[in-house]
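K.L.:
Before anything else, here's the structure in question.
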Amino acid sequence: MGTAPDTTGTSSSSTAVPSSILKKIILSYTYVAIWIFLSFTVIIYNKFILDKKLYNWPYPISLTLIHMGFCSSVAFLLVRVFHVVDLPSSMSPGLYTSSVVPIGALYSLSLWLSNSAYIYLSVSFIQMLKALMPVAVYSIGVIFRKDAFKSSTMANMLAISLGVAIAAYGEAKFDTWGVLLQLGAVAFEATRLVLIQILLTSKGINLNPITSLYYVAPCCFVFLLVPWVAVELPLLQENSTFHFDFFIFGTNSFCAFALNLAVFLLVGKTSALTMNVAGVVKDWLLIAFSWSVIKDTVTAGNLLGYGLAFLGVAYYNHSKLKALREKEAAERKEDEESGRLLNQREGDETSRRNESEG
């Protein structure tokens, strides 16, 4: 009797994942892991430096000033000395003044206030408050007419806001000033994101993190000098016991700069949606770390409220992805229709040419 054919090798080879796809999946997860690690590190590092119970250096303007000085210097070297990236040719002095300077002012305010909030609030509660970012971006986008008002989207925003309000109500160490600082940081950051679309993207100027830092970081440095001289410089002069730790502030600044590069790597190699999903994972990790290691109090009210806000943000991201896919499908259908009409027109012309020659 004949032996049955061996189909094991065939079936296994047909179900095996191609090496190119497997490599792409591994790289995508690597980019996500790098971004989560650096974002996690910068947040915890800033908290460690600014918290009075830890490193006890409560000078958020000074810390932000150090970051901007470091980022300005490294970005200058990468652009002007090593020529890693090219600058956009359309960036004129007038455009810089009218577009980059307002964005730099908002960015400096956002960083100043968000770093200040670490002095008064726990890491976990700050991540919960940051869930309001989609609400702020959408609301400001509607005000500036970059987004259309939709009752369904606004209902989604209200659900997120309700979740954050419940989390705030359940916060064990609620600090009004700290909450106002973080909400102000969210508002300034959301306005900055909308203005980037209005002042830069709409004019065809797309900046990667290196060129963004090259233009924006020096501007932030100048803006932060004014409140630093007025508020923190006298305090630092009085604090005669302080000695600048080059290792602490050097590694902290390097992590902040590396985070900007990781953002470019993640979004450029995957997508902005991947970054949003990774951000949710990072927030839950930070909440768990804040509770287990830093020993911050996380209440049931915190988790209930943030859980509701998390569901609202997840639904918002899902809606954006669905709308993006529908737009891409419509554009693909339009391109196919245009190609079909073009082929038909070329075929008709060929037929007429053949008829005339015959």
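Using the three backbone atoms N, Cα and C, a Cβ is placed for every residue, glycine included.
Note: TrEMBL annotation is automatic and uncurated.
Annotated domain 'Sugar phosphate transporter' per TrEMBL: 30-317, in sequence order. Taken from TrEMBL, the feature region 'Disordered' applies to 329-358. The transmembrane segment annotation in TrEMBL covers 26-45, 57-82, 94-113, 119-141, 153-170, 176-200, 212-231, 246-266, 273-294, 300-317.
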K.L.:
List, by number or range, the same-chain residues at least 6 past the transmembrane segment (26-45) whose CB is under 8 A from its CB atoms?
P.N.:
123, 251-252, 255-256, 258-259, 262-263, 265-266, 269-270, 274-275, 278-279, 281-282, 285-286, 289
K.L.:
Using Cβ atoms and a strict cutoff of less than 8 Å, what residues sit near the transmembrane segment (300-317) while being 6 or more residues removed from its termini?
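P.N.:
Same-chain residues near the transmembrane segment (300-317) but 6 or more away: 124-125, 127-128, 131-132, 134, 153, 156-157, 159-171, 273, 276-277, 280, 287.
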K.L.:
Relative to the transmembrane segment (212-231), which of 57-82, 153-170, 176-200, 246-266 accounts for the most Cβ pairs at distances under 8 Å?
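P.N.:
Looking at each of 57-82, 153-170, 176-200, 246-266 in turn, the most contacts to the transmembrane segment (212-231) are made by 57-82.
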K.L.:
Apart from its near flanks, which chain residues at least 6 from the ends of the transmembrane segment (153-170) lie with a Cβ under 8 angstroms of it?
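P.N.:
Contacts with the transmembrane segment (153-170): 125, 128-129, 131-132, 134-135, 138-139, 179, 299-313, 315-316, 319.
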K.L.:
Of the listed stretches 57-82, 94-113, 246-266, 273-294, which one has the most C-beta pairs under 8 A with the transmembrane segment (176-200)?
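P.N.:
Per the Cβ under 8 Å count, 94-113.
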